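Participant: I am attaching a structure below and will ask some questions about it afterwards.
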Amino acid sequence: MGCHTRLLWLLFFHAAILPEAACYRRDFRGSGARLGKERPKRSSIQGVSEEQQEGHGEEPAARPQGDGNPATILSVLPAAISTQPSSKLAPSSSVSVLPVADSAPGSRRAHAPRINLKGADMLPDLTPVIDPESYKPSGGWAPVRLAGNHGSCAGRVELFYQGVWGTVCDDLWDLPQANIICRQLGCGWAVSALSEAYFGQGSGKILLDNVHCKGHEEHLEECSHLGWFSHNCDHSEDASVICSDAEYGTVTLSDPPLAAMEGATNPEKSRCGGVITSAPGKIKNPPMNEMHDNITCVWEIRASTSEHIRLAFPSLDLDCTNEYFEILDGPPSSTKSLGKPCRGLHITFASHSSSMTLVYFRGENNIGKNFMAYYYFEAKEMTTKTPYLITIPTATSKMVTERPQFSNTPSGNISPLPVSDSGDWPELRLVGGSSRCSGRVEILYQGVWGTICDDLWGSNEAEVVCRQLECGQAVSSLGEAYFGPGSGEIFLDNLQCSGMEHYLGQCPHSGWSEHNCGHHEDAGVICSDSDAPPPPMPPGPPPTPQDPLTGGSNSCGGVISSLSGSFTSPRYPENYPTDIQCVWEIHVEKNFRIELMIPNLNLEDILGCPYDSIEIFDGPRIASLSMGKFCAPSAVVFFSSSDILTVVFRSDYMTTNTGFYAFFNAIPQDGRESEERPVLRLAGSSGQCSGRVEILHQGAWGTVCDDLWDLNEAEVVCRQLGCGHAIAAPGSAYFGPGSGNILLDNIQCSGTENHFGQCSSSAWLDHNCGHHEDAGVICSDADVTPSPTEGSHSCGGVISNLSGSFSSPWYPTNYPTDTECIWEIHVAEKFNIELTIPSLK
């Protein structure tokens with residue numbers, strides 16, 4: 001582990017009751033002055049003039065200059081006068097967090113690349129016109145228009161207020177604000193949030209500044225702002241948007257797309273990976289000195305269960321062979337890939353679930369390039385379309401192709417077919433298999449049958465094919481002309497399905513007959529209703545004489561119904577083929593569960609397993625929890641919670657290895673609960689609900705390694721011990737190193753298990769750790785409440801005081817590595833909370 005400079009922080013909070021006549025919010029975002037321009041300081045108190053504010057305390061802070069650390073302030077006001085209650089508070093809390101202006105150094109948002117609209121001067125003025133005399137606002141909301149002669153869905157944002165049209169300042173302007181404008185105008189969603197008078201300077205009044213939205217608002221005025229006509233801007237900073245329904249001439253990129261945005265992101269999100277739970281925000285590339293060869297960064301974005309996630313790349317220009325992203329519709333264990341973008345303009349993704357994962361890969365001998373991604377949360381009920389990849393019309397976009405040797409030309413635009421309710425989609429058939437539910441996928445287009453290229457072909461696409469053909473669920477998605485090469489046209493390439501579509505025609509693709517493939521890459525599927533096993537792969541070794549297992553399978557996937565058995569990756573122990581996906585679904589009798597053991601696992605071992613992997617699902621693959629995704633050489637053991645277990649094996653188009661050998665046994669359900677429920681204790685602290693996790697095995701106590709250790713595992717420990725829920729999951733021997741054996745490593749829990757024995761892990765005593773990596777937990781019932789006046793060095797806890805302070809562990813010395821702490825602050829019902837972070841390093 002490399003050495004990094006560690007920064008520290010200290011926080012203070014207090015609860016207060018303020019007069020109900022006004023809602024005072026101090027502007028801590030600072031001055032956004034550009035070089036050579038000095039801005040006057042402005043009031044941030046909505047609806048109160050500068051003269052009226054005399055005597056109300058010190059003047060709002062100027063925008064910070066240089067690299068000073070920001071002070072994070074959560075204004076805490078009586079709940080009764082809060083107009084923007086948070087939607088993410090625990091039900092037991094009445095706390096309302098009011099948004100304040102951005103405090104990032106420099107305070108200016110990132111600016112999107114300049115777009116030239118060719119022929120725009122010849123367009124008629126399509127800006128909506130409202131007669132001030134005849135206008136009567138509906139519901140009291142100000143009308144909105146997009147000006148600048150670029151159509152009704154792209155342009156400078158203008159609002160009609162008190163009889164005049166005016167503009168909006170671009171301070172804090174970003175995708176959540178732009179998305180509300182697009183939604184309000186019926187123009188889809190925001191593709192770009194543009195600033196610095198991108199579509200030309202407006203005239204007249206500047207109506208709003210520091211607009212800050214959460215994303216669920218229906219009108220821009222519902223967002224927090226400085227107040228009508230209160231700003232520190234001029235028309236060179238007018239805000240603009242481009243919506244997804246914009247229709248205008250050729251779009252070209254003329255300015256370096258990311259140079260203007262570099263440094264505008266929160267530094268916490270420029271590291272290589274992490275978990276993100278707040279929005280909106282930006283993710284940028286790690287510092288260049290940290291972008292080593294063969295680096296993989298994994299970011300997981302988590303929204304609430306009522307929201308989904310939108311992600312936008314203003315521009316990508318990566319080496320599509322050795323540097324690209326993969327976007328997963330869910331957590332890192334998700335099998336639903338939304339795409340592998342590497343090059344293009346305004347590439348936008350939408351998740352179907354409440355989480356999304358970005359996997360960034362950079363190979364050898366590659367000069368890493370800058371990138372920036374914007375994300376925000378949106379209520380699920382606002383989504384009316386299946387998630388798909390979309391690009392601005394006539395823009396160029398390129399996805400990673402699965403055959404670099406045939407990638408001589410860009411794959412073209414990726415665009416979805418229009419969705420209709422008629423069900424009039426192209427006809428499909430499966431050819432070359434043993435039944436109508438397995439074979440090479442062929443599609444009827446303009447009266448001719450043709451094939452589909454296997455680039456980006458995966459389980460989502462196979463699932464849609466099986467659904468359209470009424471053949472059950474997808475068992476395998478196969479490439480490389482598994483069922484033999486077809487003939488004639490190759491109609492489709494780079495198909496991208498979410499897995500929820502009813503017809504393959506609803507999935508986006510590169511365009512009819514647009515491909516870079518040959519028939520040796522024809523895609524195939526095996527569906528669950530296939531009445532015969534798939535064509536056999538070259539046989540693997542028979543079980544050893546000591547191994548009594550039967551009912552095994554060396555083919556690529558299938559349904560196994562027996563009390564014991566074995567199966568291997570195709571061609572085992574020789575190298576498995578590239579570009580293949582196999583799904584084994586194991587069924588045992590209803591009163592049994594399944595023990596799965598993989599004693600030998602040799603795949604392409606890359607952090608995060610983005611290429612080759614084996615993933616275990618606790619039940620049928622559809623709608624079952626993932627028990628883990630693995631690619632590192634190790635012995636793993638899993639126990640199902642029901643009579644079904646699913647194993648998914650995937651390989652990509654490049655490196656292969658010898659694969660794996662797996663066997664399973666049926667275990668009676670009645671006996672497993674007591675046999676597999678381990679005895680736990682927490683050591684190294686003063687209470688029973690916080691400490692180093694220790695487990696009893698074969699009469700001796702041992703510790704647990706912190707690899708993959710997080711709140712999910714800690715939650716199960718706290719539940720089993722009756723200690724409430726998990727507040728923190730510290731690693732690095734936070735409670736001191738243990739002694740004796742390290743019993744478990746790579747533990748993976750979903751967080752819903754009743755006891756620790758239901759989580760997957762490496763085998764007993766199989767680890768690569770030392771006691772300096774012992775895992776710990778802090779549960780909500782632990783006695784770690786800080787003093788109301790003195791700082792606490794505990795890692796998390798529940799605080800129930802009217803004022804107090806707390807700090808990062810070991811403050812003011814460096815905090816420990818591999819630690820996650822959660823403090824939950826409770827005050828009286830009629831109070832909200834003000835949180836101040838004067839020192840953050």
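Placement of Cβ uses the backbone N, Cα and C atoms for every residue, glycine included.
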Participant: Just confirming the record: what cysteine out of CYS759, CYS769 does Swiss-Prot connect to CYS749 via a disulfide?
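Facilitator: Between CYS749 and the options CYS759, CYS769, Swiss-Prot records the bond with CYS759.
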Participant: In Swiss-Prot, which of these is labelled N-linked glycosylation site: ASN294, ASN801?
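Facilitator: Of ASN294, ASN801, Swiss-Prot lists ASN294 as: N-linked glycosylation site.
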Participant: If you average pLDDT over the domain 'CUB 3' (795-841), what do you get?
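Facilitator: That stretch averages a pLDDT of 80.
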Participant: Ten-angstrom check, please: count other Cβ atoms within 10 Å of the Cβ of CYS609 (disulfide bond), all chains counted.
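Facilitator: There are 23 of them.
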Participant: Of all the disulfide-bonded residues given, namely CYS169, CYS223, CYS497, which is spatially nearest to CYS342 (disulfide bond) at the Cα level?
Facilitator: CYS497
Participant: Measuring CA to CA, name the entry from the disulfide-bonded residues CYS466, CYS507, CYS609 that ends up nearest CYS213 (disulfide bond).
Facilitator: CYS507
Participant: Using all protein chains shown, find which of the disulfide-bonded residues CYS507, CYS769 scores highest when you count other CB atoms within 10 A of its CB.
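Facilitator: Sorting the candidates by Cβ neighbours within 10 Å, the top entry is CYS507.
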Participant: Residue counts in helix (H, G, I), strand (E, B) and coil for the domain 'CUB 2' (556-667), per DSSP?
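Facilitator: Summed by class, the stretch gives 0 helix, 59 strand, 53 coil.
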